[in-house]
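Student: Supplied in structure tokens, the structure appears directly below.
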């Protein structure tokens, strides 16, 4: 029998209601959300999230931002934005997938008017999957080259080197080269002239490199065979891709701290500069890094959550995963700056000269560092294996999230046995064709357009803002907490609702506005400025996702029937699945005693017909 406290809760379930919490949904026909495949073990979900969210940005972006923005002081805005911005949306996306039992698009049946959020996320994650794999392609190329002795980037005695080349670790001022030619290290020339075969600009695309084509093909094939059977197999692969990087990071840290100059590097990394707290850019960098590293706004966390058991404690999972993500970023900084400190001492320069972020750290700074160490091949192989594992974990789950959304939309009457394998192959083939443009001589310029615009902080912040609006304001923050109370067995902290309703949207919109106001045209290496049409392509990529939300809202409202109020009401009425009906009907029987002339049986019919 329900308690008196439960009977006094009109309209929805109270947190005190426990009876329906463990009630399982009725048998559901195949294809319905209730028959959805789930993780073999809950640890598969945890490791998949770690493999996806803990990626290259934790290793090559966070340490540099921490150093640039006041060292240890940067952790203050970073943690504040994480608590009030990153973690609430991280939890929102995972819990939404688990509650709706659907991927990034159908999960927004909770507020159908905002289903454009799902399409926006899928556009972003498709672009991200397409260009992100180039980093893995370059890493695999470097990995193969790392078995050479001597390392090919350590000397100037190669066919791709010019007269302006000087060897890594040497003093450029002692080398003789034409006075009109700028000096370039052997590391830079290997990267630009051997790997990228860099052309003069975006208008000079050039030829496709056959070596990178082989690396790209091999990488995509590895991705395909790891995810083609779904989470039952990919959930096992991520045990390797998610854990192996930590083993290598520990090995690199042990090696790094034994190098001369490592302490100075770590001091540079953590030394607080309290004056930085008053600079807006520090807070903006902290917020942008949180949204990047937590993989928010891509719809993939929603897809991963949809494979959870319905009553899994995703609230606890969200906090654990957020902690692991941020702790990994901090730990990676110790590794990176211990080695950068060694480089600075060896070359007799300030650490600001060698400090890099992004591809510059992975393919220039670190390869240069290993040339200064004994047994450089060993450290090069370990480093690039780590990059591959970090990148593959993110790539597996990113493609999985996109494929999940497509399969959720696929009409059941057109399903066949190998549907998933075919869809995965089609998605990868399409991405591969686009990637071919990025392994040409002008491919780096195309890669940067995708990186700067398609999955930038602007698009992610825009998506995250509307996610909060759709759940907290349209569906209702209290209403969603009631649903979570049924799903989890306890009510999440009320602060989460206030974050979704007020704090997180303000954080998102504040950083979004700052990005637009302080927009700077895209350049390559601070020397090449993109033509106007290159920027136009970039903004088209950004708007392709951002316009999904307002376009679908306006289209849905304009195509509906009845008054504007009636259209709004209909389009904001959730579309429930069978497991929701079991839960909602249990709540209706407890909280809404039959009154008036309408019988209980009639209420059930009305309820089902409306939904």
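Including glycine, each Cβ sits where the backbone N, Cα and C put it.
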Student: Answer with yes or no whether Swiss-Prot records residue 233 and residue 527 within the same membrane-side topological domain.
Tutor: no
Student: Among 184-204, 394-414, 457-477, where does Swiss-Prot put the label transmembrane segment?
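Tutor: The range carrying the transmembrane segment annotation in Swiss-Prot is 457-477.
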Student: I'm validating the feature mapping. Which of 372-392, 561-581, 582-602 is tagged transmembrane segment in Swiss-Prot?
Tutor: 372-392
Student: Is the number of Cβ-Cβ pairs under 8 Å between the transmembrane segment (498-518) and the transmembrane segment (457-477) three or more, considering only pairs separated by 6 or more positions?
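Tutor: They are in contact.
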Student: Tally Cβ pairs under 8 Å between the transmembrane segment (372-392) and each listed stretch (247-267, 422-442, 457-477), then give the stretch with the top tally.
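Tutor: Ranked by Cβ pairs under 8 Å, first place goes to 247-267.
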Student: Take the topological domain 'Extracellular' (519-537) and find every residue of the same chain, 6 or more past its ends, with a Cβ under 8 Å from one of its Cβ atoms.
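Tutor: Residues 201-203, 444-445, 448-449, 452-453.
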Student: Can you grab the distance from residue 157 (N-linked glycosylation site) over to residue 525 (N-linked glycosylation site)? Cα atoms, rounded to a whole Å.
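Tutor: Rounded to the nearest whole number, the Cα-Cα distance is 25 Å.
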Student: Quick one: mean pLDDT on the topological domain 'Extracellular' (66-71)?
Tutor: 86
Student: If you count Cβ atoms within 10 Å of the Cβ of residue 525 (N-linked glycosylation site), leaving out that atom itself, what do you get?
Tutor: 11
Student: At least three Cβ pairs under 8 Å linking the transmembrane segment (123-143) and the transmembrane segment (319-339), pairs spaced 6 or more in sequence?
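Tutor: Per Cβ check, the transmembrane segment (123-143) does not touch the transmembrane segment (319-339).
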Student: Between the transmembrane segment (422-442) and the transmembrane segment (457-477), do 3 or more CB pairs sit under 8 angstroms, pairs being 6 or more residues apart?
Tutor: no
